[in-house]
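A.B. asks: The following block contains the structure, expressed as structure tokens.
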Amino acid sequence: MALASAVNVVLGSIAFAIFWVLAVFPAVPFLPIGRTAGSLLGAMLMVVFQVLTPDQAYAAIDLPILGLLFGTMVVSIYLERADMFKYLGMMLSWKSKGAKDLLCRICLISAISSALFTNDTSCVVLTEFVLKTARQHNLPPHPFLLALASSANIGSSATPIGNPQNLIIALKSKISFGNFLIGILPAMLMGVFVNALILICMYWKLLSIQKDEEDVAVEVFSQEEMNAHRFSPTTLSHHSQEFNSRLELMAVQSPAHMSGNLGHVEALRNQAISSETEIQKDPIVTLDSARNSNASKEAAKDVSTQEKEETILSKRFASMDRLIDALSGRSSEGKEDFITKWKRLLWKSCVYLVTIGMLIALLMGLNMSWTAITAALALVVLDFKDARPSLEKVSYSLLIFFCGMFITVDGFNKTGIPSTLWDLMEPYSRIDHVSGIAILAIVILVMSNLASNVPTVLLLGARVATSAAAISAADEKKAWLILAWVSTLAGNLSLLGSAANLIVCEQARRAPQFGYTLSFWSHLKFGVPSTLIVTAIGLALIR
């Protein structure tokens, strides 16, 4: 494509530069309006500068991508309400065998959840779980936060719904969900393994910290609490009499259908009577001599001891009272809670079944956008209540950002600058040679970190695919998958490389009681070697 007129090239470049600055640095001092407003400003300038006509601007907006984004966000919201991510968080520490085992679990769970529910959603809901688990084991959160963010990016590369750039690639390339998954899954699995291995090697000493003093403190506290639970005959006798009277009253008032439970109630009463009898076997002579020898001191001690014992026993008998109430059927709230729990369990099961159905439909090759929208609306109907609270959680600012970005990038393409640059680079980045794949990967890595991965895909996607299609249809598919893999892995290079990284950083910093700051340089020290090694290994496995 030849360059447009000089005026359009200059004005289009200015509009794109404004969009790029605000997309990469959303809080610049001279115009701190954020990414979403920045994308709309870039789109508006493309129309005002007459680089695009209004009709061309509207046509540039890719509605199928927006529909797929909206549908997956709604499904993720209902999955979060159904405690899916809570269960994933509980799996992190379930029967954990140490710090290295915990790190591997985080890598695996983060990768799988990101492939199915998008990387941003996984990072939002799992960050606090990771922080809590690390604190409970008295471990430094730094390597575990890196594991969460980096594995989320790697895992999201495996499916079209894992991240926004994959959505664009899948819809523009017409690659089915199943073929996309099969093409990148081996690279993703190996990437997660290698990434975990790099983390373990880099933070071996930190991950080798032994169990902390918290467990010892808990054990000491439990032992002290056990030692404090002692009873005096006077107090126990008073409470046992009251307990016996309650049991007799319940036996009189119990309906016929409760007769099966009276045997258990009688057993409780016999147990209380036997405990009282055993304690009252103490010699009376000992008590009389103690009272006569030191009456003034013992009186004070008896009062304080009796108060403590009465407090402990009152709690115990309160729990017994609750048991009696449950057995006698006097608690209607218990029945209501039981019914409510079953209703929620049934609703959660329906949410999981709808999600599984959506994934099966995607694997069968049905239209991705309408499949996601259908699943989202099915969940809204099954919820059987006003959907406004759930729909308000949808990131509409992200959808608007995509609208503005589609227009801005299309206007920049109309200037002819991307095509001219690609014509210079295309002979050296053909994917039928190892050197060509390496050069193409480097270009994608650099552009994804300079211009963000989604604009990079929009700028390079069609050109890379056209170049590969001239070789063969199989190479065209491989070119799209390489673009998906490298543009996603580029997010691990630096803290600013992907939204998932920034989400983990901000969520960790703002977490109540578990706050932790993940610095740019500490991420870069791990991100550079991990990105280069994992990207290279993945490129060899993509077919």
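Note that Cβ sites are derived from N, Cα and C of the backbone, with glycine treated the same way.
TrEMBL entries are annotated by machine, without manual review.
Quick paste from TrEMBL:
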DOMAIN    27-490  domain 'Citrate transporter-like'
TRANSMEM  6-25  transmembrane segment
TRANSMEM  58-79  transmembrane segment
TRANSMEM  180-204  transmembrane segment
TRANSMEM  351-382  transmembrane segment
TRANSMEM  394-412  transmembrane segment
TRANSMEM  433-451  transmembrane segment
TRANSMEM  481-504  transmembrane segment
TRANSMEM  524-542  transmembrane segment
A.B. asks: Would you say the transmembrane segment (180-204) and the transmembrane segment (394-412) are in contact under the rule of three or more C-beta pairs closer than 8 Å, pairs 6 or more apart in sequence?
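C.D. replies: Stretch pair does not touch.
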A.B. asks: Considering pairs 6 or more residues apart, do the transmembrane segment (180-204) and the transmembrane segment (524-542) have at least three CB pairs under 8 Å?
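C.D. replies: Result for the transmembrane segment (180-204) with the transmembrane segment (524-542) is yes.
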A.B. asks: In the predicted model, what is the mean pLDDT computed over the domain 'Citrate transporter-like' (27-490)?
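C.D. replies: So the average pLDDT across the domain 'Citrate transporter-like' (27-490) works out to 78.
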A.B. asks: Of the listed stretches 6-25, 351-382, 524-542, which one has the most C-beta pairs under 8 A with the transmembrane segment (58-79)?
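C.D. replies: Stretch with the highest Cβ contact count: 351-382.
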